[in-house]
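Just below is one structure, and these are the notes that go with it.
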Amino acid sequence: MCGVCGLLLGDTKAETAAVDIHESLYFLQHRGQDAAGITVCQGGRVYQCKGNGMAAKVFDEGKRITDLPGFMGIGHLRYPTAGTSSASEAQPFYVNAPFGLSISVNGNLVNTKEIRRFLDFEARRHINTDSDSELLLNVFAHGLNQFGKARANVDDVFSALKDVYARCHGAFACTAMIAGFGILGFRDSNGIRPLCLGSRPSATLEGATDYFMASESIALRQLGFDNIIDILPGQAVFIQKGGVPQFRQIVERKSYTPDIFEYVYFARPDSEIDGLSVHRSRQNMGAKLAKKMKDTLGEKGIGEIDVIIPVPETSNTAAAVLAKCLDKPFSNAFVKNRYVYRTFILPGQTARKKGVRRKLSPIVSEFKGKTICLVDDSIVRGTTSREIVQMAREAGAVRVIVASCSPEIIHPHIYGIDLADHAQLVAYNKTVSEIATHIAADAVIYQDLDALKEACTEAAEGESEVKDFEVGVFCGEYKGEVPEGFFKLANELRTQGNCPAAKATLVANSGAVNVPKQNGTTVTTPENRGDINLHNIADEA
Ligand SMILES: O=P(O)(O)OC[C@H]1O[C@H](OP(=O)(O)OP(=O)(O)O)[C@H](O)[C@@H]1O
Ligand SMILES: NC(=O)CC[C@H](N)C(=O)O
Ligand SMILES: [Mg+2]
């Protein structure tokens, strides 16, 4: 679930776009911890810095920003969900022809094999990595090139996007830059991945306006942007140098169904997505889960619970409301190590497991001799719940109930979350009591899907058009099309690819043909191969 952004300063002589973009990356960091990048443009020339690591590492605490001059640019934070974790797949991606195009993508494509074939044999464009985002950029570039012009106009840009929507299936929210011309934002026809736009008065040129797009509204607000609107499903916006936003419905909207996982886990609580407050949705999840607990455990069962304990950090909001609704004491009895970040989006199960113990530790006195109810936003692979149930017992809890703000996750996520194949999902093919046994809890209680959807729709700040969500992980019905044989192929490639660092699951989604094989000899994986990092100042360290 990457973070993307794009900025165009009203003062075209300004050279500080990278300063603001860099700042915004800190408000989007929770969406991707593996790689970060910024591409800017000054005088028609493109400058870029990107690499593996969090923003602070890649940009060396801001030092590199001075090497990135320009009045417009785009940024990216990567959580790899296709291709590999190689530094060459850090974004933004750049292609020189036509016009010097750069792109930042949040999302996943589901028909990469077909696109790769098209680009290879028909468009005859060279693809240098396993990333699906590089494919999307090249489809766009091919579309623009078809006009055979030395300079594109705004209509050309929108027309080329038609090709992107026609050929690239899946979910995506993208920011793009055309050197010397302007910045572009567009969103898939179901609005699965988020993107919003805001404006602020220019600080350096009177009467001029700066425009900024980002995955989450918090990044806009913290940088002083206002008048925030969501880009709509199938819609694009282009802001030409010195101009105002021009909107175009590129394809008909198929639905308006944002990914419910944004509200459950991904987004920051201080963001609003598609008119729904993430914070309020999580409060509602807590209230609805309290009701489900009453229905499941009855008065006696509820009476036995001594304390409600959140599993920091995402579930804090929901757990506090749940405790209030059940009239129970609430305790922050798991302390979150502030120097450890999100564990779910770490690459590799070993790192994730280690991450949980490093991140959470119990205040023993809060557990001793008690019946506790642990509240988490989701139970996916069960890595977190298995570890924390054990920690709670080690700390002296006599009974441990685990309550999840979202229902059982039994299907893979295919639109930009590395949410595994069925076999890795703890709830797959198990009854609730089998899940409890698996994570060594005395009981597990899950939110119902309808209640979760209501929790989100009831979080509208004013009007929201959103009445339904992408919920494929819970029910197996995805909003976008899923090509025939997609899961079978993904599973086959994943099994063959048995290559932890390269994240075989990701290779599966990329449509790449040469999956590394484990035959006892040392294999060159996409991970340890040298990268060709084109025009990247991060290499000059
Ligand atoms: O069942 P699992 O596979 O462990 O995945 C679910 C857990 O992972 C996430 O936490 P994470 O530590 O990533 O982030 P947070 O601090 O925002 O809660 C999520 O909030 C759950 O706690
Ligand atoms: N999580 C995402 O949005 C990832 C974007 C893209 N599929 C990548 O892996 O780089
Ligand atoms: Mg968590």
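Each residue, glycine too, has its Cβ placed from N, Cα and C.
Where the annotation comes from TrEMBL, it is an automatic prediction and has not been curated.
If you look up TrEMBL, you'll see C2 marked as active site, nucleophile. Taking all protein chains in view, 27 other C-beta atoms sit within 10 angstroms of the C-beta of C2 (active site, nucleophile).
Within the model, the domain 'Glutamine amidotransferase type-2' (2-242) carries an average pLDDT of 96. Residues or ranges marked as domain 'Glutamine amidotransferase type-2' by TrEMBL: 2-242.
Taking Cβ-Cβ distances under 8 Å and a sequence gap of 6 or more within the same chain, the neighbours of D377 (Mg(2+) binding site) are V264, Y265, R282, M285, V311, T314, S315, A318, S404, C405, S406. If you look up TrEMBL, you'll see T314, D376, D377 marked as Mg(2+) binding site.
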Distance filter, Cβ under 6 Å of ligand 1; input recorded positions C2, D376, D377; output D376, D377
Alpha-carbon distance [C2 (active site, nucleophile); D376 (Mg(2+) binding site)] in Å: 22
Residues lining the Mg(2+) site besides T314, D376, D377 (CB within 8 A of their CB center) are V264, Y265, P310, V311, S315, A318, V375, S378, S404, C405
For T314 (Mg(2+) binding site), list the number of other Cβ atoms lying within 10 Å of its Cβ atom. 23
Row D376 (Mg(2+) binding site), column other C-beta within 10 angstroms, all chains, value 22
Using a Cβ cut-off of under 6 Å to any atom of ligand 2, determine which of the recorded positions C2, T314, D376, D377 qualify. C2
